[in-house]
């Protein structure tokens, strides 16, 4: 993913944008972790029916239906997290170069 940071920061102060990007990175990390936990939970529910006969069939079906959506959530939010991390890295490089000058 190639980021044109100058285009994204046009008319903005990088020092004021950096805290917002840091917050976005933190939120995206939490979202990826949440999707991972949900995926593992749905896998456990889907396999619980195979081990325990008292687990209702509808629970297993719901878990199997919801599983691909949580996997897509991991993929999408993971890509967005990488993008935000790259953007933060570029902004911090700009701030460091301005501080050195």
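Each residue's number is its place along the chain shown, starting with 1.
Placed from the backbone N, Cα and C atoms, the Cβ positions cover glycine too.
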Using TrEMBL as the reference, determine which range in 58-76, 77-95 is annotated transmembrane segment. 58-76
Given 11-31, 32-52, which one carries TrEMBL's transmembrane segment label? 32-52
